[in-house]
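Starting off with a structure, shown below.
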């Protein structure tokens with residue numbers, strides 16, 4: 001169930017830009033983790049920034065109109081006065097009309113693909129990028145301060161610097177630059193959310209922080225308290241930013257094409273990861289059908305880049321090379337046809353911008369026309385590629401073999417071998433392919449003309465016109481006055497590719513982060529899911545027999561045993577206590593040897609220990625959850641365990657952003673429960689007595 005957004009935007013946003021964006025450095029004075037990530041200046045007057053300002057303004061207006069509509073609908077249902085009902089019904093019609101106009105305006109902005117394209121003068125078909133999801137500012141201050149006081153029993157003012165750093169990181173994340181630095185900024189915040197969830201989001205209570213995000217295409221606001229909603233939205237923006245980086249590449253050279261391929265494959269990986277590992281999305285852009293459509297769209301754009309690279313790298317004009325180009329073009333057409341079918345599904349039909357659906361259809365027709373054109377060129381222009389008889393025979397065998405596998409099904413009439421040997425038959429078959437090419441070109445131009453937004457894209461118009469004219473000119477060359485026979489129907493071309501697109505998973509480990517709130521202590525103990533008693537002060541004075549306690553482990557050091565009648569037992573120290581400070585010096589992260597040295601160097605007046613005790617019942621609950629987590633094969637949980645493994649930290653599931661669904665899968669490490677589940681006698685070799 002969605003909650004309507006109730007707060008207005010406090011600032012306009014820029015959804016990333018390139019070199020013309022003004023970088024905005026994060027102030028990180030004295031921050032322990034020292035993040036130096038940068039966001040963009042949200043007020044920079046670049047084309048992309050202006051576009052995003054307009055999107056933000058429309059999102060605010062949509063939000064306001066939806067609140068008005070909700071209020072009017074409630075009044076309409078509640079009142080029995082016919083006069084009032086008529087007035088409210090009239091008001092509702094005005095509100096719905098305004099909403100429709102706003103959504104159409106937003107669709108036009110989302111369809112403004114030219115803003116994200118490269119500045120290169122090369123004539124390439126434009127790619128389809130995504131704008132970033134927008135979000136309102138979130139103030140964690142009060143919620144985190146209260147939680148630190150209540151749950152951790154510490155003075156929250158000591159963590160003002162950490163809270164400020166978290167707030168600045170999220171603020172910068174809203175305006176990532178359109179390059180690798182912007183991606184790393186989003187990934188840093190994404191990874192930091194893992195620690196935030198562990199520290200401050202217990203399963204048994206709500207932190208009271210609301211996350212407001214707007215649908216990328218419709219601007220419809222969604223609000224949830226689940227941190228997974230925040231995490232999923234950031235992951236969506238990682239994929240969207242990859243699409244913008246891919247669209248901006250100069251594809252007139254192979255290096256730019258390779259960068260575009262890599263970006264679109266990584267975008268597909270981000271959307272696919274989101275689709276497979278998150279559920280119950282509150283906004284349509286992150287629903288299963290939408291993400292499936294986006295993955296297929298990215299794969300199609302990768303396939304288009306592969307075709308462009310093959311076109312650039314094909315230096316020879318031999319028969320088989322032209323057939324290969326034709327099959328590559330047919331492959332691009334097939335994958336765009338699949339995207340088109342996905343976009344026409346019931347849920348997606350009214351959601352996907354009309355310009356996107358039109359662009360996909362144009363590309364499908366355009367590349368099908370190119371496949372027929374290159375086939376005609378192969379048949380009519382490349383009869384004998386080599387001079388010597390021996391090489392000619394060898395190439396003819398290769399050409400015949402390639403041609404026999406070229407069509408989806410064997411065409412009627414003369415065999416393909418006979419066609420290759422007869423120049424006139426080759427000319428007629430080539431003419432048939434050109435006829436199909438011209439028809440497809442004209443269909444692409446017709447669909448292009450139906451979309452107002454596409455008509456404004458001069459570069460797309462140039463591409464369609466040039467290729468159409470080229471096919472017409474070629475057809476005129478092959479057409480003869482004595483061709484009285486009706487042109488045969490060209491067979492369907494078997495699509496094939498030299499490089500199958502990959503879905504490249506997002507590698508979150510490339511951006512290493514440090515837990516901003518690590519001063520609270522190791523996550524294995526000091527997490528939101530663990531419960532312990534208040535900090536106790538224990539005063540110990542050394543006797544002849546020592547302090548009378550057994551210590552084990554590091555960070556924090558555990559009191560594994562207390563000798564009955566000893567100094568520690570009389571002072572109130574208990575087995576299972578964790579030592580968090582010695583003589584006021586914090587030692588939550590201290591190693592075993594460091595704590596031992598502190599105890600040995602105590603003065604004659606004794607030593608003061610600050611200790612905490614975990615509640616056994618909650619520990620056993622956490623342990624059961626850890627077992628449940630270890631048995632589930634969830635990829636997201638596996639990655640989170642990997643993220644915390646190097647620091648001996650716990651993992652948590654952020655897979656479900658439905659607030660009403662019970663959260664499962666949270667855990668702590670075995671080390672947390674070992675105090676109560678393992679006998680001390682079995683691990684004496686790991687303990688030392690003092």
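Cβ coordinates are placed from backbone N, Cα and C, and glycine is handled just like the others.
Just so you know, TrEMBL annotations are computer predictions that nobody has curated.
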Among 64-91, 92-119, 120-147, where does TrEMBL put the label coiled coil?
92-119
According to TrEMBL, region 'Disordered' applies to one of these ranges: 453-479, 480-506, 507-533, 534-560. Which one is it?
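It is 480-506 that TrEMBL describes as region 'Disordered'.
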Quick test of your reading of TrEMBL: among 1-41, 165-205, where does it put region 'Disordered'?
1-41
Looking at the domain 'BRO1' (126-481) alone, can you tell me the average pLDDT?
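Mean pLDDT across the domain 'BRO1' (126-481) comes out at 89.
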